[in-house]
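**Q** Just dropping this structure here.
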Amino acid sequence: MDNFYAYDKATWEQFYPTNLNPITLADLENLKAFNDKVSLDDVTKVYMPLVHLISEALASYRQWQDKKSDFLHRKPVKAPFIVGISGSVAVGKSTTARLLQYLFAYLLPNRKTQLITTDGFLYPTKILEEKGILARKGFPESYDMTALIDFLVKVKEGQPKVKAPLYSHQVYDVIPDQFAEINNPDILIVEGINTLQIPAEQNIYVSDFTDFSIYIDADVNLIEDWFLNRFQQLVKTSANDPENYLYRYTKYSDEEALAMARHTWETINLPNLNEFILPTRDRANVIIHKGPQHRIDQIYLRKY
Ligand SMILES: Nc1ncnc2c1ncn2[C@@H]1O[C@H](COP(=O)(O)OP(=O)(O)O)[C@@H](O)[C@H]1O
Ligand SMILES: CC(C)(COP(=O)(O)O)[C@@H](O)C(=O)NCCC(=O)O
């Protein structure tokens, strides 16, 4: 990790400029209502300075966009600033993405932020089955990368109403005929395990469209625990919903269901982490490292 500056929380906290208002107690209460899991200590000491840093990158991006338009004698187009969030399955990407969206709204009230997850660009289960790659869900070949790149091109062109397909963890599949609509926001957060990947068969990558990238990291045993905990929570909430994919696990004892989830982790998500996700870590602008209870213990900022 030679090309990163490494900071503990106490040092990183000091980078929040003293002339900016710190987040207030009332806002932290609102945040608690929005998400009662995330540590407020992490919010004030890690995420607030990070959001400030990203807002500086956004300002310099906008300046560069304007300079390019001036150079070309073209009318400036508002191309959204894209923040990519990567990391293992169940490391906390979507939780962090939603938190960042909340904090952008707080610190940058005049900027509109939207959020998508690349899960929506997974091939539907039917196609994964036809291709014989259902057991490779989440691996590079399980995503329709052409559709994802096409989506990013339209977003960057400043087009309104760009459609993004949606994925449901409950249905365990892409939802047919339902889309998120991305409407030329100032900031688009793109969250997904593949946002830093360089698939061999592509010559243009998600990271070519990403203006700031974050990788969420943790010890692999902790991530496995978080995956199993999330699985148990999702199974619990499916108990009265036979349509839910996870409903089938309610028929097994807790131990049996847990053993099946562990098998999924060991045969699919862990090999995917080791072969295709972790090797992309050092390309991120910032690595957030978490310890037990998801508490952040180190922040790495890429030097070059
Ligand atoms: N900062 C956090 N504090 C507490 N729990 C968290 C935090 N981040 C994620 N989790 C929990 O960890 C599990 C995985 O998080 P999730 O955001 O779904 O991960 P991902 O999107 O990377 O798959 C979920 O059960 C979630 O509630
Ligand atoms: C849809 C996913 C590829 C992406 O996961 P996420 O990062 O959203 O947790 C993953 O949740 C998944 O379904 N993996 C395949 C193996 C499994 O966990 O069932």
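Every residue, even glycine, has its Cβ placed from backbone N, Cα and C.
Sharing the record's features from TrEMBL:
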{"type": "BINDING", "residues": "Gly87, Ser88, Val89, Ala90, Val91, Gly92, Lys93, Ser94", "note": "ATP binding site"}
{"type": "DOMAIN", "residues": "82-230", "note": "domain 'Phosphoribulokinase/uridine kinase'"}
**Q** Using the CB centroid of Gly87, Ser88, Val89, Ala90, Val91, Gly92, Lys93, Ser94 as the ATP site centre, which other residues of the same chain sit with their CB within 8 A?
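**A** So the additional residues around the site are Ile193, Ile216, Ile223, Trp226.
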**Q** Of Gly87, Ser88, Val89, Ala90, Val91, Gly92, which binding-site residues come close to ligand 2, meaning Cβ under 6 Å from one of its atoms?
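**A** Going through Gly87, Ser88, Val89, Ala90, Val91, Gly92 in sequence order, those close to ligand 2 turn out to be Val89, Ala90.
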**Q** Neighbour count first, Cβ atoms within 10 Å, every protein chain included; then name which of Val89, Ala90, Val91 tops the list of binding-site residues.
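**A** Checking each of Val89, Ala90, Val91, the winner is Val91.
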**Q** Within the domain 'Phosphoribulokinase/uridine kinase' (82-230), what mean pLDDT does the predicted structure show?
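**A** Averaged over the domain 'Phosphoribulokinase/uridine kinase' (82-230), per-residue pLDDT gives 95.
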**Q** Cβ-Cβ under 8 Å from Lys93 (ATP binding site), same chain, 6 or more residues apart: which ones?
**A** Ile85, Ser86, Gly87, Thr117, Glu191, Gly192, Ile193, Ile216
**Q** Measure from the Cβ of Ser88 (ATP binding site) and count the other Cβ atoms within 10 Å, all protein chains considered.
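**A** A count of 25.
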**Q** Taking only same-chain residues 6+ apart in sequence, whose CB is under 8 Å from that of Gly92 (ATP binding site), what do you get?
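**A** Expected: Ile216, Trp226, Lys290, His294.
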**Q** Would you mind checking how many other C-beta atoms are within 10 angstroms of the C-beta on Ser94 (ATP binding site)?
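**A** Total other Cβ atoms inside 10 Å, all chains included: 17.
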**Q** For Val89 (ATP binding site), what is the secondary structure state per DSSP, taken as helix, strand or coil?
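**A** DSSP assigns Val89 (ATP binding site) to coil.
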**Q** For Gly87 (ATP binding site), list the number of other Cβ atoms lying within 10 Å of its Cβ atom.
**A** 29
**Q** With DSSP as the reference, give the number of residues of the domain 'Phosphoribulokinase/uridine kinase' (82-230) in helix, strand and coil.
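**A** The domain 'Phosphoribulokinase/uridine kinase' (82-230) comes out at 58 helix, 42 strand, 49 coil.
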